[in-house]
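Enquirer: Structure in structure tokens, see below.
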Amino acid sequence: MKPIAAFQEYLEVERQYSPETVTAYLSDLQEFQAFLKANGGFTDFRHVDDLDVQTYLTDLNKQDLARTSIARKISSLRSFYRYLTRIDVVKRNPFELVELKKQHHHLPQFFYEAEIQELFKTVAGKTPLDQRNRALLEVLYGTGIRVSECAKLTLNQVDFNTALLLIHGKGNKDRYVPFGQYAQQALRTYLKDGRQVLMAKSQAQHRYVFVNQYGRPITSRGIEYILDQLIKQTTLTANIHPHMLRHSFATHMLDHGADLRTVQELLGHASLSTTQIYTHVTMAHLKNEYMKYYPKHN
């Protein structure tokens, strides 16, 4: 089996990564291979040396890519070569010691609570799509799960008796996330009415919770499109991205006194340091409010 095909099987079977994650890895490997072919020829991954790596890094930097994009590409290649060393295809990993300059961390964008209320006013209708969109917003904002996790949510992962969602997270790690009365009510209405109507349009039977207008399972990109359309119905001007509801959930939980480790568990973060970025968000929010309303600054 060729190295890339073997690595793909490893990611899918052993690591059980999502199709989106596997596709991202393979895209990075193929891009590196294409670069080598265009710059001196490519013979075999076993013959890649430090000079090849440095030349590729230089080219990436010249493309004016975001640091996060470069870091992801290097991470993919490092993981690939770790796998090749593990199965004794190569003796050393040429990407093992590659380091990028430290990134300046931008604080996550989030909705203020008043903005959340305005956003929810856009899904007050009773059509099947309104019911779906209401349930979608309630679940995303009320649980903080990732958009990809929401898209993959199935009926057997929803337990109304315990008010818990079983979430299959990154790295094949499962966690239980509670969902409150608003999400429960919205989900019950959608599953009883709206989803039934939408599913009647599809010949395929499946157990995914959220479906598109044709009754087919919704995708992460589909959720992003829905959010974009809902935002256009409001006065909000922020550059919206799907994770803003997740960021808003974490920020508002901390604002209202939630313990940091509790938020970490709910978000499914492997490291507490990942969750701590939201404490900086809340502090920045407090400082902005202070500067805005403190009498000496008015």
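Any Cβ shown, glycine's included, is placed from N, Cα and C.
Model, not experiment: these values are computed from the prediction.
According to Swiss-Prot:
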DOMAIN    1-85  domain 'Core-binding (CB)'
DOMAIN    106-291  domain 'Tyr recombinase'
ACT_SITE  Arg146  active site
ACT_SITE  Lys170  active site
ACT_SITE  His243  active site
ACT_SITE  Arg246  active site
ACT_SITE  His269  active site
ACT_SITE  Tyr278  active site, O-(3'-phospho-DNA)-tyrosine intermediate
Enquirer: Where among the active-site residues Arg146, Arg246 do you find the Cβ with the fewest other Cβ atoms within 10 Å?
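Expert: Output over active-site residues Arg146, Arg246: least Cβ neighbours within 10 Å is Arg146.
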Enquirer: Determine the most Cβ-crowded residue among the active-site residues Lys170, His243, His269, using a 10 Å radius around each Cβ and all protein chains in the structure.
Expert: His269
Enquirer: Measuring Cα to Cα, how many angstrom lie between Lys170 (active site) and Tyr278 (active site, O-(3'-phospho-DNA)-tyrosine intermediate)?
Expert: 20
Enquirer: Under 8 Å between C-beta atoms and at least six apart in sequence, can you list the same-chain neighbours of Tyr278 (active site, O-(3'-phospho-DNA)-tyrosine intermediate), or say none if there are none?
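Expert: Counting only residues 6 or more apart in sequence, the Cβ neighbours of Tyr278 (active site, O-(3'-phospho-DNA)-tyrosine intermediate) under 8 Å are Pro108, His247, Ala250, Thr251, Leu254, Val263.
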Enquirer: Let me know the DSSP-derived helix, strand or coil state of Arg146 (active site), please.
Expert: coil
Enquirer: Please list the DSSP helix, strand and coil residue counts for the domain 'Core-binding (CB)' (1-85).
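Expert: Helix, strand and coil residues of the domain 'Core-binding (CB)' (1-85) number 67 helix, 0 strand, 18 coil.
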Enquirer: Round to the nearest Å and give the CA-to-CA distance linking Arg246 (active site) with Arg146 (active site).
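Expert: Each residue's Cα considered, Arg246 (active site) and Arg146 (active site) end up 7 Å apart.
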Enquirer: What's the CA-CA gap between His269 (active site) and His243 (active site) in angstrom, rounded?
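Expert: Taking the Cα atoms only, His269 (active site) lies 14 Å from His243 (active site).
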